[in-house]
Structure formats: structure tokens, C-alpha cells
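**Q** If you scroll down you'll find the structure; I have some questions about it.
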Amino acid sequence: MINLRQQIPHYLRLMRFDKPVGIFLLLWPTLWAVWIAAKGAPSFKIAVIFIAGSVVMRAAGCIVNDFADRHLDKHVQRTQMRPLASGSVSVTEAMLLFAVLSLIAFTLVLLLNRLTVELAVIGILLALVYPFLKRFTHLPQLWLGIAFSWSIPMAFAATVGHVPAVAWLLFFAAVLWPIVYDTQYAMIDREDDVKVGIKSTAILFGRYDRLMIGLLQGSVLLTFGLLGWYLRFNYWFYLGLLVALGLMCYQQFLIRHRKPPDCFAAFRNNNWVGFFIFLGILLTYRN
């Protein structure tokens, strides 16, 4: 018999509510899209649905990820105490929790138009496939970027009824960004991942990891600059990009010796990159 009160802390850890930075990394691209699609004046309903949906889907994605990795996580020092790997949460409990979260997410999306619902189905499939890719390809971070950015076409579909070209330009920038921060994250476990057969961009890039991260960071900022020019954004947006550039340079400084704590700090610092880009968008529409 499950003691629900005792299990709640384990459920919260399974959904990573003890590590909220992941929620924000998913939320920032969503907010970029919601604000740009509505030209700075999103409806309260759409904003709430997408914010709540980001929180719920991130939690559901963490459960799927831990389910897929439950046998591998036992062999990686950083992950061996995750609830499924350690046995503090059973597979049955995890799947029931995933079903509840999926039902909540599906209920939220049903409040939007048909195109958004159809795009949401694709988004769910992207999220379900991602955790299993690290066994077969060194590019799971690319798939993560697509999955994490799928809220962008959804936000435009919900707001304007279609997905215009500008949405795909924003989508491209947003896809590149998770490759940056998840490569930094994968650098933490690189040695353990090689031992257990997990693949990642950190392993693929090898000694060129900092160079590749830098090229990707530059591509993100360049694409955002093109987006700002296309939408005729004012100087506030470019000030936001300038701060983001400074933060990315700081991340390069942090990972220069590739020490796990510093790589983790660089990963977490990306929350501020997303925030200042959003702040630039917000101030652009207010001035």
C-alpha cells in the first residue's frame, strides 16, 4: 500500500520541482513566442495556458526521461539517487503520475484551436522519443532543442491561427539554444556517459566542445538579430541581446577548464540568457 504523504517528496523530485531552472529554460522560448505572436499584448487565457502547459510538460518529460534511463542512472554518480533509479518511486507510480500530467496538459490544449491541438500531438511525440535517442545518436541535444521549442509554432497557431515565417525563424534560434546549454550539462557526465554507452554532443565535440558551443552561441544571437531586424524591434531588444552576449562570454569563461561544477554553473546561467532576451522583447513592445 502506497503511503501518499511519504511519497509526495519523491514525486516532486521525480518531476524535478526541486530544480526549477529546467522549467524556466522551457518557459522562456514559450514566452518569447507568446509575446511576439500577440505583438506584445497576449491574451490572459493564452498566456496562462502556455505557462501552465510548460510547467506540466516539463514535469512529464522528466518522468519519461527517468523511466528511459532508470537502469543507466544507477551507474552514473550524479543520477544514481534519482527516484526511479534508487527505487524510492516504482515504475507503476511513475507511469500513473505521467498519465495524470498528460491528462492535465491535454485538457489545457483543448481550450485552444484545432491547429494548436494538432501541433500539441506532435510535441508530445517529440518529448516521448527524446530520452531514448541518447542510445543511438550523438545528437539528442538537437532533438531536445526541437522538443523544447515546439511551443513556438503552437503559440503562433493559438494566437493568429497559423504559423508564419517569423515563427520558424524564432524556432530556429530557439532550437540552437538548448544544444548550447545541454552540451554544457552533458560535459558534467561525459566520462560516466562514455562508460555506460550514452551518447551526447559533449562526447561528439570532444576537445572542440568550447569552440562548437561558441559557434552555436553566436548563431543563436545572429538569428535573434535577424529576427529583430525583420520585426523592426527597437534598441531595447538589442540591449537584451548584448546582455545575453555578455552572459555567453561568461559561460565560456566558466567552462574553460571543463570542471563539472563550473559546467553546471554555465548551464544554470542560461536561465538569465532567456530572461534578458524576453525582457528585451517585452520592453520593445512597451516603448
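First residue shown is number 1, and so on along the chain.
Backbone N, Cα and C atoms are what each Cβ position is placed from, and that goes for glycine too.
Dumping what Swiss-Prot says about this protein:
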TRANSMEM  21-41  transmembrane segment
TRANSMEM  44-64  transmembrane segment
TRANSMEM  91-111  transmembrane segment
TRANSMEM  112-132  transmembrane segment
TRANSMEM  139-159  transmembrane segment
TRANSMEM  160-180  transmembrane segment
TRANSMEM  211-231  transmembrane segment
TRANSMEM  235-255  transmembrane segment
TRANSMEM  263-283  transmembrane segment
**Q** Where else in the chain does the transmembrane segment (160-180) make close Cβ contacts, counting only residues six or more beyond its ends and a cut-off under 8 Å?
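**A** Residues 25, 29, 32-33, 36-37, 113, 115, 119, 141-142, 144-146, 148-149, 152-153, 201, 213, 216-217, 219-220, 223-224, 226-227, 230-231, 248, 270, 273-274 contact the transmembrane segment (160-180) from elsewhere in the chain.
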**Q** For the transmembrane segment (21-41), find every same-chain residue at least 6 residues outside the stretch whose CB is under 8 Å from a CB in it, and list them.
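**A** Non-local partners: 47, 50-51, 53-55, 57-58, 62, 148-149, 151-156, 158-160, 166-167, 170, 174, 177-178, 181, 231, 267-268, 270-271, 274-275, 277-278, 281-282, 284-286.
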**Q** Where else in the chain does the transmembrane segment (263-283) make close Cβ contacts, counting only residues six or more beyond its ends and a cut-off under 8 Å?
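**A** For the transmembrane segment (263-283), the far contacts come to 21, 24-25, 27-29, 31-32, 35-36, 40, 177, 180-182, 184-185, 187-188, 224, 233, 236-241, 243-244, 247-248, 250-251, 254-255.
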